[in-house]
Amino acid sequence: MAHVITRINAREILDSRGNPTVEVDLETNLGIFRAAVPSGASTGIYEALELRDNDKSRYLGKGVQKAIKNINEIIAPKLIGMNCTEQKKIDNLMVEELDGSKNEWGWSKSKLGANAILAISMAVCRAGAAANKVSLYKYLAQLAGKKSDQMVLPVPCLNVINGGSHAGNKLSFQEFMIVPVGAPSFKEALRYGAEVYHTLKSEIKKKYGIDATNVGDEGGFAPNILNANEALDLLVTAIKSAGYEGKVKIAMDVAASEFYNSENKTYDLDFKTPNNDKSLVKTGAQLVDLYIDLVKKYPIVSIEDPFDQDDWENYAKLTAAIGKDVQIVGDDLLVTNPTRITKALEKNACNALLLKVNQIGSITEAIEACLLSQKNNWGVMVSHRSGETEDVFIADLVVALRTGQIKTGAPCRSERNAKYNQLLRIEESLGNNAVFAGEKFRLQLN
């Protein structure tokens, strides 16, 4: 029996930062299937377009009524009557025909908005899973051509100290994460992470005062830390105090594009201070040396966006220097875009993809980006955005694609824990048919 789309309705809802975002209800004979899209704060310039209204009289210009109108008036009429199991056909219709906008990196979604297209793409996935009478993660695995007899549960990369554009402190690097690779299961990994998180809170309170334990957009703490060493020392202390030395490692998201000066090709590690300390302005080569020193001193297993999104040369230098032992992840560099991934492969610029579905704007293209990366023996980390919703789609996606790693914030704030809690449910439902990635989070688990 064909399960056709009978109705599509989009609405404007609020994300975790209080900004508007797009939610879609898609109806078939099996019921209503809902999806909501996230949005980022530190966005890469090569991301597909997130359509905002720019009407300063509503939500300070951040409204998404244009995207809503595009769904209700342009996309919905074309999709009604189509079979919800035709994911690729529907995504291609939206991206290539109804939108059709392109730039040098592929389909840019600048006409209808990636936020409009993605919301429908996700809702279609949920409807397709119901039509096939399988869970969303099993259906996504089928779409990706992955085996679904034994699924992989990811290591959670929990963002517990915030800096960069996500925080009001002086810390230039954006995220410091704890990675419980030594746990025997996802459930235990989450427990390790939560215990380290609470231990860290006590350490911060002791050292910086009670008001230093306020949390940022992703649930991490943002004490008035001045540099990366100070943050890493705090993490090492918290991990040790919680009893998980050797079992919990560290990952960083530098988000270096946020403090890169393209005119003189330097990185300002004091970019949040009006009269910055000139000794903290570094060349790319000096930054390479800084990362090498940090990796020698601390149990760092992954570094994301260590350089600007166009600094291919220094990416390649760092990957050549430490890529065997440390995952070098491209986020702003790659923006989940198969064309950018291909360029990075040619230049040996990094060895892992950060997979953000809203950077590329459709589930079909996100799967393509993942498969291209895995085919070339890269790691893949599925990721949230700093402006999130209660939608848990990425929890199912990470299990389906067998990537072995996910970052979706600290074990704090409901829009973050919603994803972790969904992974707990998935692990429970799979029972013996689940394997936890653990120490092998970088390896091919396909």
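Placement of Cβ uses the backbone N, Cα and C atoms for every residue, glycine included.
Swiss-Prot lists Ser42 with the feature Mg(2+) 1 binding site, giving similarity to another entry as the kind of evidence.
Taken from Swiss-Prot, the feature phosphoserine covers Ser42.
Annotation comment: Swiss-Prot describes 104-108 as motif 'Pentapeptide insert', evidence class experimental evidence.
According to DSSP, Lys133 (N6-acetyllysine) sits in a coil region rather than a helix or strand. Among the features that Swiss-Prot reports, N6-acetyllysine is placed at Lys133 (among others), with the record citing similarity to another entry.
DSSP gives Tyr139 (phosphotyrosine) a helix state. For Tyr139 (phosphotyrosine), the same-chain residues that are 6 or more apart in sequence and have a Cβ closer than 8 Å to its Cβ are Cys125, Gly128, Ala129, Asn132, Ala400. Residues or ranges marked as phosphotyrosine in Swiss-Prot (evidence: similarity to another entry): Tyr139.
The local packing around Ser383 (substrate binding site), expressed as other Cβ atoms within 10 Å of its Cβ over all shown chains, amounts to 27. Look at Ser383 (substrate binding site): DSSP puts it in a strand. The substrate binding site annotation in Swiss-Prot covers His166, Glu175, Glu304, Asp331, Ser383, His384, Arg385, Ser386, Lys407, and the record cites similarity to another entry as its basis.
Taken residue by residue with DSSP, Glu304 (substrate binding site) is part of a strand. Positions annotated as Mg(2+) 2 binding site by Swiss-Prot, on the basis of similarity to another entry: Asp253, Glu304, Asp331.
The annotation phosphothreonine is assigned in Swiss-Prot to Thr339. For the recorded site, Thr339 (phosphothreonine), the DSSP three-state label reads helix.
Feature annotation from Swiss-Prot assigns active site, proton acceptor to Lys356. Taking Cβ-Cβ distances under 8 Å and a sequence gap of 6 or more within the same chain, the neighbours of Lys356 (active site, proton acceptor) are Gly40, Asp331, Val335, Thr336, Ser383, His384, Arg385.
Taking a C-beta cut-off of under 8 Å and a sequence gap of six or more, Lys375 (N6-acetyllysine) has no contacts in its own chain. In the three-state DSSP scheme, Lys375 (N6-acetyllysine) falls into the helix class. Residues or ranges marked as N6-acetyllysine by Swiss-Prot on the basis of similarity to another entry: Lys375 (among others).
For Lys133 (N6-acetyllysine), the spatially nearest entry among the binding-site residues His166, Asp253, Glu304, Lys407 is Lys407, judged by CA separation. Remote same-chain partners of the motif 'Pentapeptide insert' (104-108), defined as residues 6 or more beyond its termini with a Cβ less than 8 Å from a stretch Cβ, comprise 46, 48-49, 95-96, 335, 337-340, 361, 365. Within the motif 'Pentapeptide insert' (104-108), the DSSP-based counts of helix, strand and coil residues read 0 helix, 2 strand, 3 coil.
Taking the centre of the Cβ atoms of His166, Glu175, Glu304, Asp331, Ser383, His384, Arg385, Ser386, Lys407 as the substrate site, the nearby residues of that chain (Cβ within 8 Å, site residues left out) are Gly40, Asn159, Gln174, Glu218, Asp253, Leu354, Lys356. Of all the recorded positions listed (Lys133, Arg385), Arg385 sits in the most crowded Cβ setting, with the most other Cβ atoms within 10 Å.
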